[in-house]
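Below: one structure, written as structure tokens.
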Amino acid sequence: MPANLPHSPNSPNGVTVKPRLTKAQKNANHIASERKRRRVIRKGFDKLASIVPGMEGYARAEGIVLHGSASYIRQLMLARRSMIEALEKKGMHVPGHYKL
């Protein structure tokens, strides 16, 4: 018997073969994995909605949260750019990595 194949339960080295999952077990595992994936996504949207101003209570509306978050990030980027320009107009040096 090749080394990479499982041994029978009666093999001399005592290695047992795990039985294959039934279709129902595979389906149950898939459903559990999908629920976990959705729960993780939901927690992420809840967290995002709690951080972005004006998004409190909108965590179930994923499109609204994404749109609102993108708008908020754009506002922050514009404000940052304005602050950098104001500092540079006053003759202050702003390192390049702050200008990204």
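The chain as shown is numbered from 1 upward.
Here the Cβ of each residue, glycine as well, is placed from N, Cα and C on the backbone.
According to TrEMBL, the features are:
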REGION    1-33  region 'Disordered'
DOMAIN    25-76  domain 'BHLH'
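For the domain 'BHLH' (25-76), the DSSP counts in helix, strand and coil order read 42 helix, 0 strand, 10 coil.
For the domain 'BHLH' (25-76), the model's average pLDDT works out to 95.
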